[in-house]
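Q: After the structure tokens below, expect a handful of questions from me.
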Amino acid sequence: MQIYMVGGAVRDRLLGRPVNDHDWVVVGATPDDMVARGYLPVGRDFPVFLHPETREEYALARTERKSGRGYRGFVVQTSPDVTLEEDLSRRDLTINAIAASAAWTGAEDLFDPYGGARDLQARVLRHVTDSFREDPVRILRVARFAARFTDFTVAPETMQLMREMVHDGEADHLVPERVWQELARGLMEPQPSRMFDVLRDCGALAVVLPEVERLWGVPQRPEYHPEVDTGVHLMMVLDMAAHLQAPLTVRFACLTHDLGKGTTPHDVLPRHIGHEQRSARLLKAVCERLRVPVECRELADVVAREHGNIHRSGDLGAAALVRLLERCDAIRKPARLDEILLACECDARGRLGFADRPYPQRARINAALAAVQSVTTSSVAAHAAQLGLSGPKVGEMIHAARVQAVADWLHATAQPAPEPQGNAG
């Protein structure tokens, strides 16, 4: 029985990156051998075991054979006769198909039959064998790795293979859970725009997210968007979200906030009147199709509907500011307002020449919320009761008190309006 470190741990160590998790493959063993040594079986689809002390995963060497279309169409075989090279051959990229002995101290302890170390040095993402085409999820993984390893390029032959897979309909069989899983992970990488560049290049974006794909080539008003192209703007917004270390909820909202611009009638371009509501409708369809988590879809919905109003909030008076806060549910969920405003800031700064501009709308709306929060609703309700009011009338009094609090703040501070963002959205 031989044990080897494999996958991302070897790759990242060779790149000089931090290694947080280790994956191990075991050659020449049976499940009974592993159990006899105290390993805990946890694998459902193939034999995977937890180390009795470190709790790291140890998988028996295995081969995979295509038996149908899509992600689940595989027959897995494990046997003590499966070699290390056979196990590595089923992996997606050469940089992930390097193994090292458990006592790894130098290059002599590496087993690299597919040239992964060479591709690491050359900064190339290259598929291991033609069996890459058997799993369409690998298209998404390559795109995600491009967003992580920002100085790597996809090998021409690998890009061609991915194009063939899309053309042959393999991407049509991606299951929603895996699409969302890879999309979410890719959005959290250092340069998420590169994921979408790769997906566009191979044709997969039109399959998994046609609502995003159609944004390229759609013009915007150059006085507000010097980059003009909506797809280019979207990628700049995503990379700004990564630069500001935004959480997944914000990054997904950034991805989907302008979907409606892809359905703007041609005769009104480059204006996009009403695109916010169209974006919200398209967002709903995307979330249902990909089974997007509730917290992501809820934030994205508010951002899609309200980002234009937030950009123009410098023109709003007290009553309109309070209504905006109410539509954002900011009074009940002030922490979520921070994420809404962060997404809007990414949108405003994700334009050519705007990356270093301030976004004063954020401070203005937060200050308006603070004024609203200064109203003690219980006191207002008690006063309403003294006046013999109840039901909706109490709510109206609370709303009026909040508007007055914001009006007083605006008057006391003589707040100047932020620079108009126009159609920054």
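Each position is counted from 1, following the chain as shown.
Glycine is treated like the rest: Cβ placed from N, Cα and C.
If you look up Swiss-Prot, you'll see Gly8, Arg11, Arg91, Arg141, Arg144 marked as ATP binding site. The annotation CTP binding site is assigned in Swiss-Prot to Gly8, Arg11, Arg91, Arg141, Arg144 on the grounds of sequence analysis. Taken from Swiss-Prot, the feature Mg(2+) binding site applies to Asp21, Asp23. What Swiss-Prot lists as domain 'HD' is 230-331.
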Q: Can you give me the Cα-Cα distance between Arg11 (ATP binding site) and Asp23 (Mg(2+) binding site) in Å, rounded to a whole number?
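A: So the Cα of Asp23 (Mg(2+) binding site) lies 11 Å away from that of Arg11 (ATP binding site).
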Q: Quick one: largest C-alpha distance among Gly8, Arg11, Arg91, Arg141, Arg144, binding ATP per the record, in angstrom?
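A: Among the residues the record ties to ATP, max Cα distance equals 16 Å.
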Q: Tell me which of the binding-site residues Asp21, Asp23 sits in the most Cβ-dense spot, judged by other Cβ atoms within 10 Å.
A: Asp23
Q: These are the binding-site residues: Arg141, Arg144. Which one scores highest on other Cβ atoms within 10 Å?
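A: The largest 10 Å Cβ neighbour count belongs to Arg144.
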Q: Other than Gly8, Arg11, Arg91, Arg141, Arg144 themselves, what residues in this chain have Cβ atoms within 8 Å of the centroid of the CTP site's Cβ atoms?
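A: Going along the sequence, the neighbours appear as Gly7, Asp92, Leu93, Ile95, Asn96, Phe145.
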Q: Take the C-alpha atoms of Arg91 (ATP binding site) and Asp21 (Mg(2+) binding site) and report the distance between them in angstrom, rounded.
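A: Given the Cα positions, Arg91 (ATP binding site) is 18 Å from Asp21 (Mg(2+) binding site).
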Q: Please report the three-state DSSP label of Gly8 (ATP binding site).
A: helix
Q: Within the chain of Gly8 (ATP binding site), which residues six or more apart in sequence place their C-beta under 8 angstroms from its C-beta?
A: Val19, Asp21, Asp23, Asn96
Q: Can you give me the average pLDDT across the domain 'HD' (230-331), rounded to a whole number?
A: 97
Q: Could you give me the DSSP helix, strand and coil counts for the domain 'HD' (230-331)?
A: 78 helix, 0 strand, 24 coil
Q: According to DSSP, collapsed to three classes, what secondary structure does Arg144 (ATP binding site) have?
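A: Arg144 (ATP binding site) sits in a helix per DSSP.
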